[in-house]
């Protein structure tokens, strides 16, 4: 970019950008591998390298092996959930053209959690597949509702209106969740697990059913990268360039909803990952969604893994749920973003 | 109007003022009457229904078989606490809304209630404190959060939109502290835990109501004493200064008093959802334009908590804490407010 004045240099500049992006991609993948290793190795009980190696090969002879064997599915879950939330956040920010969009802030996670609780209480749901469908339905309804309320009237969906609509929806949803659960002693023990999300206690049995949903959401989101680039120019410009605005927006939003709903059904509501990660990635690779979306997924996985490891370390011998750690990491970033913007843009 | 002579105009303004103040008295009387009905309902309806006459006899120390204990020991503290906490929330809320000139800037949305709540939860669950110490911790935390939000929202000047958004962010963080502390509390304290998520007046005692009464007397009295200054601050900082209000000192006093009201009540009942947010706009709606409706908002707050508690206890299939009911009322109203502000094209 520095040599933009020399003839032929745009090509060189683009190549430079691509080299930088490839370098960042390498760094991010290495960081992800390191974070996975940390997540397997660090916890309430410390284990040695030999035990990690044995546990990864599936031995469960010693306590150390078993600990590693428990941590592996947890790590897988954290990677999947983090990637899903990071990607969903990037897509939501693109679809709403709004820097504060996040599945937590917009009440999508709360909607999914409420739908699952209602299903458990009123329809006696107990199977994971049923949870998944209900959570995705709840996430979709909450997303449509918040977006509709936030974009009514003149000015469209400003960050302030969307955030307020999301906050109101979250409060209403959690109020209803408590109201439904309170008289039901059989499910009331789960109230807290639907207030804060965590990846502890994940098993392959819980992960497997959500894979198709996550895969479908991933495909939809990644496929919409090009149209998100067009949408970033504004609806009229995007339509002029041949994008089918409504269809592109609906497809991308459906992908994000699938990702959020499936994640919330397994882990409970985890906030702020989808807010922080895209902003970080924009600093690394710029605003091109074809790069931004995969990077958001990778970085989201790293963030959630690190948050999970941190939650295991800070509160020894017990653990801190990952949703709490991400709130502590995310809220300052949220405030920083708000402070960056001019009042008129809010 | 402009064609009429000055003297008749003054007379008309005076008569309008009189009419309006008469109307205001009538409305205050009406709300007071409703409040009395609410208190009577709380006192007389419980596991069994006690006729009002028996309630009066039980309260004046008479011996009413089968009802004396429940009226004096169970229902009276509940009614008193609900009324006092509701007044605190209503008054504190309307002061914030007036000061920040935005109905959405109520302490339960911008995180001040969450701050007080988080401090109270930490003090009770982790540190094992009780009584006045919890209230003091809640007040200090509420003030600290208010100061933090104000400072973070400062860029050249404080804008309402930025302040609300920063408040939402801070309150998300504080809510997660509350959830974390509660997850460390023993499992059998679920009922207690839910108080800190939604707010409730279950198991009220006279001892609990005492700090709320004191703070209402002290801070509420201070706020009512400063009502002229609050009315001037509503116009704008410059206008208030031009009208001769010593702005910084009075503003600091007013914020201190409002945070104190909210925090002490929150330390006892938990953050009863949306009472602080609802009372001000409802009061403004019933009293019409004019002065900031401080007293009316306090009465409306008390009414909301009493009615919400009654509905949650007796009219629904299961027994719910009051916060669940007020949350269910408040959230749609918040959405309505957002939609209406959008339609007017104003800034929400």
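Cβ atoms here come from the backbone N, Cα and C positions, even for glycine.
Remember, predicted model here, so these are calculated numbers, not experimental data.
Feature transmembrane segment, per TrEMBL, maps to range B:27-49 of the set B:27-49, B:50-72. Counting only same-chain residues 6+ beyond the ends of the transmembrane segment (B:209-226), those with a CB under 8 A from a CB of the stretch are 77, 80-81, 84-85, 87-88, 91, 95, 131-132, 135, 250, 253-254, 256-258, 260-261, 264-265, 267-268, 294-295, 298. Against the transmembrane segment (B:290-308), stretch B:79-100 shows more Cβ pairs under 8 Å than any other of B:79-100, B:109-129, B:253-278, B:320-339.
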